[in-house]
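Chemist: Handing you this structure, nothing more for now.
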């Protein structure tokens, strides 16, 4: 009985660590794992760092994280 409780406790601890790691990773995702300015973003267009967005050429290629232009800033209010 004591051995079974110990296994359950260890299992519960592992689950708590895993869940907290996932939550922390999602929270830090924007800062640590974002795509920086002028870097390629075609494979993950929503991963540009804060204040940037993925902009591609007319043919949908050569996508790069760039800041919004003056008109884009005016429209979004940021």
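Note that the numbers count up from 1, one per residue, in the order the chain is shown.
Using the three backbone atoms N, Cα and C, a Cβ is placed for every residue, glycine included.
The structure displayed is predicted, hence computed values, not measured ones.
So Swiss-Prot says this about it:
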type     : residues : note
SIGNAL   : 1-27     : signal peptide
DISULFID : 34-49    : disulfide bond
DISULFID : 41-54    : disulfide bond
DISULFID : 48-65    : disulfide bond
DISULFID : 56-63    : disulfide bond
MOD_RES  : 76       : serine amide
Chemist: Closest of the disulfide-bonded residues to residue 34 (disulfide bond), Cα to Cα, picking from 41, 48, 54, 56, 65?
Modeler: 48
Chemist: What's the CA to CA span in angstrom from residue 49 (disulfide bond) over to residue 65 (disulfide bond)?
Modeler: 8
Chemist: Provide the number of Cβ atoms within 10 Å of the Cβ of residue 48 (disulfide bond), excluding the reference atom itself.
Modeler: 23
